[in-house]
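Colleague: These came from TrEMBL, pasted as-is:
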MOD_RES   B:THR212  FMN phosphoryl threonine
TRANSMEM  B:58-75  transmembrane segment
TRANSMEM  B:95-115  transmembrane segment
TRANSMEM  B:253-272  transmembrane segment
TRANSMEM  B:305-323  transmembrane segment
TRANSMEM  B:335-353  transmembrane segment
TRANSMEM  B:359-379  transmembrane segment
Amino acid sequence: MPRPLHKEFLKGLWEEIPPFRLVLGLCPVLAVTMTVENGIGMGLATTFVLVCSNVLISILRNQIPPKVRIACYILVIATFVTIVDMLMQAFTYPLYQKLGIFIPLIVVNCVVLGRAEAFASKNSVLPSLADGLGIGIGFTLSLAALGALREAFGNGTLLGHSIFGPGYQPLTFLVEAPGAFIGLGILLGLMNLISQRR
Amino acid sequence: MQRWIRNFFDTHRPKFEKEGRFHRYHGLFEAFETIFFLPDSTTSQSPHIRDSLDLKRFMSIVILAIVPVALFGIYNTGFYACLAAGKSTAFLPSFMQGLLIFIPLLVVSYGVGFFWEALFAVRRGHGISEGFLVSGLLYPLILPPDLPLWQAAIGISFGVVIGKEIFGGTGRNLLNPALTARAFVFFAYPGQMSGDAVWISGGATDAVSGATALAISAQAEPGSQIPAMLDQAGLGLFELFVGRTPGSIGETSALLCLVGALILIITGVANWRIMVGGVLGVLGTGMLLNQLATGSLAAAMGLPAYYHLVMGGFAFGIVFMATDPVTAPGTDAARWLYGFLIGALTVLIRVFNPAYPEGTMLAILFMNLFAPLLDHFVIQIRLRKRISHV
């Protein structure tokens, strides 16, 4: 008996939210979350790829020979990444420039490949769609949260607006690499704390 | 008086015991009681008792060893602050000025640190550990004297919460909390922590050079003779050894760190292998670099190795920071290696990374992370030897 669709969707928002529960795809999480805008942009791009590749792989799951399945998944994913890459270049050029190499690198994002292997290859189209959408939105929320933490304290702004006033001395290290690790650790710890309470 | 205090604690104890109204806060109660009286309980976490010393005595001896360094640091800090401000640099005014700088930093360090300690202790229902008495004293000593107090407060919050409490409190931390706090301030507010402009910002005149010995060494052009430059800046070998130089409050005097080291070694509180290993590491690496030095490479490579022992915070770090029983390795072979690598890394960072003129802090934190691994390998090697004998 398959689980209802809304459960497949909702699990991506808390139970299996990447990268906190599903600790995958850490590279873009750490690299691009200097600001909220970057985080949301990266999250939405990944969501698009995740949903499309989940659906297509689910449709083709009985045609793909098991021995070469990873190569086939990568091919499908790469197709959609190319699409999103070109779309962003055409319509959101400043963001595209900021995210740089990390857009093409969605191809090797473990969240996308992981959902293809663990879910889409074993389930029918609709649950795969719900799964991709849930995990994708969860990923976007996580990136936005981490981006907000780092932008607010590391730069004193949120979405470009100053929040602490001009007297605030930013903790510049938060927008650099160590801040990404410490921020991720703090959010992960908070999530564990909340889960324990329940 | 004594009886009165005893009575006070005895009458209020039931409220803090199990079933009592304030059981939640029994950690706080014990902390205050044991300040006045010797506790009748024993420790359950490392640093473990090896003889009649308990954790409290252990920490008291460390504090005793720090006191000479701290007193001199206060005087020295005041001296340079007076010099920069153009005031009299006689002993007493300088010392008072130093107190005015040091006491607020110490109060912030203890106040904010104990707040977090107490919060976690009450929340977790365990006692407040004495370990912070030492960390809270060490922390202001390794700060530049003109650091704004709020930055010091944020730093010690990070050091206590992220460096210690998150890992389970005293005895379970991987990193030295005081150094973690300083590293945080160092990376978060590089403008105030850079160290090479410490005294210029404190005073109004440019006449007083603010450069520390390490800054001079790091910024020297290839081919220049650093010892001569140091002499010219009034930072000769003797001044550096005695500590009449600008720098972080407690770190300048290698001589008094040596006194502290002797106290710690004679009482058996700190491990001499780490300190000797560290000195050997500095000398070995320094001499190796001296051999490799040429006119076109970094000038600091040609600096005589013993200079590294007296410049900056190495003496303070290896005596008081690296020997922290919680974050240092627990086996003798690992201690030698740990100390040696701290020394070697300190010199390498100082010489080859001009962005970080002081390498001691980063070297100790880095080796803190490796301490459990070193212990692990030492134990594995021992086990393997034993098995072959069976």
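Keep in mind that glycine also has a Cβ here, set from the backbone N, Cα and C atoms.
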Colleague: Residues sitting near the transmembrane segment (B:359-379): Cβ under 8 Å, six or more positions beyond its termini, same chain?
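Modeller: Distal contacts: 142, 174-176, 179-180, 182-183, 186, 312-314, 316-318, 321-322, 327-331, 333-334, 337-338, 341-343, 345-350, 353.
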Colleague: Can you tell me which recorded stretch out of B:58-75, B:253-272, B:335-353 has the most Cβ pairs within less than 8 Å of the transmembrane segment (B:95-115)?
Modeller: B:58-75
Colleague: Using a Cβ-Cβ cut-off of under 8 Å, list the residues of the same chain that are 6+ residues beyond the ends of the transmembrane segment (B:58-75) and lie near it.
Modeller: 47, 91, 94-95, 98-99, 101-102, 130-131, 133-134, 137-138, 141, 243, 249-253, 256-257, 259-261, 263-264, 267, 269-270, 316, 319-320
Colleague: CB neighbours of the residue listed as 'FMN phosphoryl threonine' within 10 A?
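Modeller: Here the count is 28.
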